[in-house]
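Asker: Once you've had a glance at the structure underneath, I'll fire off some questions.
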Amino acid sequence: MEFPHSVLLVVLIIATFAISNLVQAEEDQEGFISLDCGLPPNEVSPYIEPFTGLRFSSDSSFIQSGKIGKVDKSFEATTLKSYMTLRYFPDGKRNCYNLIVKQGKTYMIRATALYGNYDGLNISPKFDLYIGANFWTTLDAGEYLSGVVEEVNYIPRSNSLDVCLVKTDTSTPFLSLLELRPLDNDSYLTGSGSLKTFRRYYLSNSESVIAYPEDVKDRIWEPTFDSEWKQIWTTLKPNNSNGYLVPKNVLMTAAIPANDSAPFRFTEELDSPTDELYVYLHFSEVQSLQANESREFDILWSGEVAYEAFIPEYLNITTIQTNTPVTCPGGKCNLELKRTKNSTHPPLINAIEFYTVVNFPQLETNETDVVAIKDIKATYELNRITWQGDPCVPQKFIWEGLDCNSKDALTLPRITSLNLSSTGLTGNIAAGIQNLTHLDKLDLSNNNLTGGVPEFLASMKSLSFINLSKNNLNGSIPQALLKREKDGLKLSVDEQIRCFPGSCVITKKKFPVMIVALVSSAVVVILVVLVLIFVFKKKKPSNLEDLPPSSNTPRENITSTSISDTSIETKRKRFSYSEVMEMTKNLQRPLGEGGFGVVYHGDINGSSQQVAVKLLSQSSTQGYKEFKAEVELLLRVHHINLVSLVGYCDERDHLALIYEYMSNKDLKHHLSGKHGGSVLKWNTRLQIAVDAALGLEYLHIGCRPSMVHRDVKSTNILLDDQFTAKMADFGLSRSFQLGDESQVSTVVAGTPGYLDPEYYRTGRLAEMSDVYSFGIVLLEIITNQRVIDPAREKSHITEWTAFMLNRGDITRIMDPNLQGDYNSRSVWRALELAMMCANPSSEKRPSMSQVVIELKECIRSENKTQGMDSHSSFEQSMSFDTKAVPSAR
């Protein structure tokens, strides 16, 4: 975007200068970030820009590098205060601003560069802009004397956002303004990618640019007009209350064709003929039509009808947008509004926005690693020019002294090596190092570090090499770290802090005698306590330890293994067998039967709290010790997407687990359609998938120690009365063997069809085994096919899906019960994700965190389609994609 330099100041005065507006404007900037780049330290910050009412702050707190410049005096008379200064970056390849934002919130990011011949060289600086690790755009700052503005809508993946300037040739990058504006998350939605502003017009013969405070989102609306048009307007304020909040004075004017019987035509040239566009058309009737008058027209894109018989509402906004990105043949976009036979008035339009799609595929470094390395940077006050932006990516900008790895495009990069040798470090070894959980090599040698060698180094299991030599460390090396060294860790330290057994001299005084005496006394006390405990236990035979074991439980598995009664949590959730019989009304209502036993419906004390009681079958082969361990484990697992354990029964030969009751049964039940229920809609299926993925993500990274489900399948995804999905049987599958499948290895557990082939082959269990099984479930959700069907040519669901994908026909892959009611982009995205999860190689599968992110993007894409009600007076949707069947990607 570009604005004419000679009229910039006058335009903004005409469009925005009103005292009442400025007072209101100062109150309406919540969430705004407005940085005046290069504002001198001796000037007031923040300050109010007198002509716009925007509150600007110095950028000095948001970047560690750069120098201050000022535009040539010839520009001062017609330049706003915020454009007078700039920050330029003669040093380093990449220089980055770091901003605090809200993860998942949509922001409009705007970068403005007014060269103003600040360096007296009269050149055209050209450089790249990056958001985080991803290329955003190339900014040619000398192309327009008036300055260049670049905007993009972006959703941060963390609470920290980097905007980077990257040198691409001999010219020096610089920036005049950097601004962030929060947007509503339900506006400007895409199936994938972000929206880069290409043009934003309001159709008027005015010369005024409309911006803040008229536009509360601080979008910049340029006027445009053509000799083939005629302007009409109203003095009344229209209703602009849809998600886009187009300024009211934008909607007070409209353009119609100069010839009433002719179509209205609008053309736009793209920068590249391959660009994909999202188009937003804003309409509001500005004339009060009589009962016998009408304004009705068709909307055509590139000669094809995209919307028929549209009628704008009087003084009420309607936004029509593309559901999917569109292209322009030869790079020339043609919009045509053609009146219908029923219309007495020509078509009109008030405003139009064009956005090109820009993709940000590179994942940023794991947030835990980023926080840790920034903590280390702050601890040692490191000011390396390369230590800006993302630590690991892009690879060409990796921070000096770091090595990182990333398995594939769906795996977050991790820091694996930190080399701060000979960098003048002082103080203690930084505690933040322990948070680099994938660190393999650590080199802090040849510095001035003091203090002791920290214990946490021994607990960093990924470390294979540590060099702490040539420092001023004192004390001794922790014994745990010495043990790690014996086990293969390469440890380099100065000799004065090494203390091998037998090498440390101890003064021979009376201390050894005292130590022997103390140890002897302690031994006597311990023996006495043990005897008393033994006697006490003999007098209390009613304890759980001394009850008869269940018929199939070896005695050695019971001794001293009862669930700890010292935990209040455990006591509160323990039920007697008589209470179990009471809550189930003597096992009156069975809900189902699995490999572990029968599940019964129940309620606690006749209350409204319904429960599902799983009684351990006498034929089950698990041991009491495993049952105890699972109960202790399940009692500490709490997540909204995991079926919660209400309590348990542990009495003689009666073992039971009591779960919350899930009234809508399981996912498989609803997909099968055999029980007369309604068909699950596509967006409901996606939400169920997200819920289940969140539950698994919690097991993998939210639990300590982490857990692997081992039996992810559609029957283990239960649904409550609100159709919130919760994973079930996420603990017992580790400890129990299936009674009906005793031939399955005691090492490998799971359900045929869902079982990770790599886990089955190697016996090595990891979180990626759950990811594979989840991929199979996702394919079930998409296709409603049986996981294994011998009647099919391709019996396994992954083989069948791959076969159908090669034929490129998505309608034959999708569940026919959906009857085509879905957004094809969200389907393709979900399908690709499912196939990645079900990849035979675990290294090529995404993590559950990545699965959650991708599924949420699918939901955003689908909701964007479903949320645009065709009967709404505020917003209607339009699809320029006229193909009924998408081609294979």
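Every residue, even glycine, has its Cβ placed from backbone N, Cα and C.
Per Swiss-Prot, the features are:
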type	residues	note
SIGNAL	1-25	signal peptide
TOPO_DOM	26-514	topological domain 'Extracellular'
CARBOHYD	ASN185	N-linked glycosylation site
CARBOHYD	ASN239	N-linked glycosylation site
CARBOHYD	ASN259	N-linked glycosylation site
CARBOHYD	ASN292	N-linked glycosylation site
CARBOHYD	ASN316	N-linked glycosylation site
CARBOHYD	ASN342	N-linked glycosylation site
CARBOHYD	ASN366	N-linked glycosylation site
REPEAT	414-437	repeat 'LRR 1'
CARBOHYD	ASN419	N-linked glycosylation site
CARBOHYD	ASN435	N-linked glycosylation site
CARBOHYD	ASN448	N-linked glycosylation site
REPEAT	462-483	repeat 'LRR 3'
CARBOHYD	ASN467	N-linked glycosylation site
CARBOHYD	ASN474	N-linked glycosylation site
REGION	544-566	region 'Disordered'
MOD_RES	TYR659	phosphotyrosine
ACT_SITE	ASP711	active site, proton acceptor
MOD_RES	SER745	phosphoserine
MOD_RES	THR746	phosphothreonine
MOD_RES	THR751	phosphothreonine
MOD_RES	TYR759	phosphotyrosine
REGION	863-889	region 'Disordered'
COMPBIAS	864-880	compositional bias 'Polar residues'
Asker: Would you mind listing the long-range same-chain contacts of the repeat 'LRR 3' (462-483), meaning Cβ under 8 Å and 6+ residues beyond its ends?
Answerer: 416, 421, 429, 437-455, 489-494, 496-500, 504
Asker: Counting other Cβ atoms within 10 Å of each residue's Cβ, which of the glycosylation sites ASN419, ASN474 comes out lowest?
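Answerer: Each of the glycosylation sites ASN419, ASN474 was scored by Cβ atoms within 10 Å; lowest is ASN474.
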Asker: Using C-alpha atoms, which one of the recorded positions ASN239, ASN342, ASN474, TYR659 comes nearest to ASN419 (N-linked glycosylation site)?
Answerer: ASN474
Asker: Enumerate same-chain residues with a sequence separation of six or more from ASN239 (N-linked glycosylation site) and a Cβ-Cβ distance below 8 A; give 'none' if the list is empty.
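Answerer: LEU315, ASN316, ILE317 - these are the non-local Cβ neighbours of ASN239 (N-linked glycosylation site), listed in sequence order.
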Asker: On a C-alpha basis, identify the one among ASN185, ASN259, TYR659 that is nearest to TYR759 (phosphotyrosine); the candidates are the recorded positions.
Answerer: TYR659
Asker: Distance between ASP711 (active site, proton acceptor) and ASN435 (N-linked glycosylation site) at the Cα atoms, whole Å?
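Answerer: Distance between the two Cα atoms comes out at 31 Å.
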Asker: Going by DSSP, how much of the repeat 'LRR 1' (414-437) is helix, how much is strand and how much is coil, in residues?
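Answerer: Residue counts for the repeat 'LRR 1' (414-437) by secondary structure: 5 helix, 8 strand, 11 coil.
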Asker: Spatially, which candidate from the recorded positions ASN366, ASN448, ASN474, THR751 is nearest to ASN435 (N-linked glycosylation site), comparing Cα atoms?
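Answerer: For ASN435 (N-linked glycosylation site), the spatially nearest of the recorded positions is ASN366.
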Asker: Do me a favour and check the Cα-Cα span between ASN474 (N-linked glycosylation site) and ASN448 (N-linked glycosylation site); whole Å is fine.
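Answerer: With distance taken Cα to Cα, ASN448 (N-linked glycosylation site) is 12 Å from ASN474 (N-linked glycosylation site).
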Asker: Which state, by DSSP, holds ASN448 (N-linked glycosylation site): helix, strand or coil?
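Answerer: The three-state answer is strand.
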Asker: Which residue, out of the recorded positions ASN185, ASN366, ASN435, THR751, shows the minimum number of other Cβ atoms inside 10 Å of its Cβ in this structure?
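Answerer: Candidates: the recorded positions ASN185, ASN366, ASN435, THR751. Fewest Cβ atoms within 10 Å: ASN185.
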Asker: Taking DSSP states H, G and I as helix and E and B as strand, how many residues of the repeat 'LRR 3' (462-483) are helix, strand and coil?
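Answerer: Counts, helix then strand then coil: 5 helix, 3 strand, 14 coil.
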Asker: Let me make sure I understand the structure: which of the glycosylation sites listed (ASN259, ASN292, ASN316, ASN342, ASN467) has the fewest other Cβ atoms within 10 A of its Cβ?
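Answerer: Candidates: the glycosylation sites ASN259, ASN292, ASN316, ASN342, ASN467. Fewest Cβ atoms within 10 Å: ASN292.
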